[in-house]
Amino acid sequence: MIRVGLLGCGNVAEVIASEGTGINITALYDFEHSHAEHLKELTGAPAFKKFEDFLSQDLDIVVEAASVGAVYEHAEDVLMSGKDIVILSVGALADTDFKNRLIKIAEEKNRKIRIPSGAVMGLDNLKIGQISPMSKVLLRTTKSPRSLRIETNEKTLVFSGRADECIKQYPKNINVAVALELATGHDVEVELWADPDIKRNMHEIFAEGDFGDFYLKIKNNPCPQNPATSYLAALSIITLLKNLEKPMIIGT
Ligand SMILES: NC(=O)c1ccc[n+]([C@@H]2O[C@H](COP(=O)([O-])OP(=O)(O)OC[C@H]3O[C@@H](n4cnc5c(N)ncnc54)[C@H](O)[C@@H]3O)[C@@H](O)[C@H]2O)c1
């Protein structure tokens with residue numbers, strides 16, 4: 001059974017720990033040690049105070065559900081130590097030099113970097129953008145002003161432009177745009193809206209190309225413990241982990 005280490009023990013990790021029946025969580029790390037201790041109670045896995053001790057455990061894969069900063073700090077070491085990594089804070093990979101460095105290490109070490117679908121759907125077949133021309137990929141994300149940490153009483157366009165610029169201003173909110181760029185191999189235009197009337201985070205994806213055109217709208221339910229996090233993001237990691245060892249792979 002694949003041995004999983006959780007790097008980051010917040011909302012997403014808590015859903016993985018509590019709902020990921022059959023997932024073999026064997027080590028926990030969070031720079032807020034109390035968060036790791038909390039998940040220790042749920043999983044029985046040891047919680048480490050030092051990242052080095054966490055990483056020296058017998059793990060097959062480390063699941064990052066922490067922050068863009070955690071990816072910068074730890075992803076290279078994870079791969080260097082011969083473990084695969086799941087990166088949920090995919091905004092870190094908007095930095096092309098950093099992304100290429102990780103890919104090089106993964107190749108050298110014969111390891112995989114896995115990017116979950118996170119808070120959206122549709123990444124599977126949008127990968128055709130890597131082999132067939134696309135003329136447009138647009139992500140329109142709408143969130144409450146509170147989750148964007150701004151104040152407004154009316155629907156407001158807070159950002160319009162390139163994904164890599166958006167992630168610099170809203171590192172916690174637009175991972176999806178970077179995941180879309182990685183999937184399609186195409187620049188993604190981003191519109192980020194704050195809407196005081198919206199109850200759930202909404203992502204709309206528009207794509208056009210030689211294949212035809214595509215539109216997807218997803219309204220995300222929040223995590224039970226914290227409304228800021230999309231439940232779907234946690235479910236997408238559970239699904240990814242559960243499919244790793246299956247003989248039949250669907251929708252890649
Ligand atoms: N790709 C997507 O679609 C998608 C969807 C949802 C969340 N996310 C990202 O996933 C990450 C986790 O989300 P969450 O809602 O569980 O966040 P959270 O804030 O609830 O939990 C993050 C945990 O990681 C810990 N942490 C942060 N930086 C760390 C570091 N450098 N080293 C060790 N621990 C660190 C925090 O103490 C916290 O316990 C966030 O970066 C979020 O932006 C991505």
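Just so it is clear, glycine is given a Cβ too, placed from its N, Cα and C backbone atoms.
The domain 'Aspartate/homoserine dehydrogenase NAD-binding' annotation in TrEMBL covers 8-116. The NAD(+) binding site feature in TrEMBL is assigned to A119, N175. If you look up TrEMBL, you'll see 153-238 marked as domain 'Aspartate dehydrogenase'. Look at TrEMBL and you will find H203 tagged as active site.
DSSP gives A119 (NAD(+) binding site) a coil state; it is part of no helix or strand. Across the domain 'Aspartate dehydrogenase' (153-238), DSSP helix (H, G, I), strand (E, B) and coil residues number 25 helix, 33 strand, 28 coil. Cα spacing between A119 (NAD(+) binding site) and H203 (active site): 8 Å, rounded to the nearest whole number.
With the fewest other Cβ atoms inside 10 Å of its Cβ, the least crowded of the recorded positions A119, N175, H203 in this structure is A119. Filtering A119, N175, H203 by Cβ distance to ligand 1 (under 6 A) retains the following recorded positions: A119, N175.
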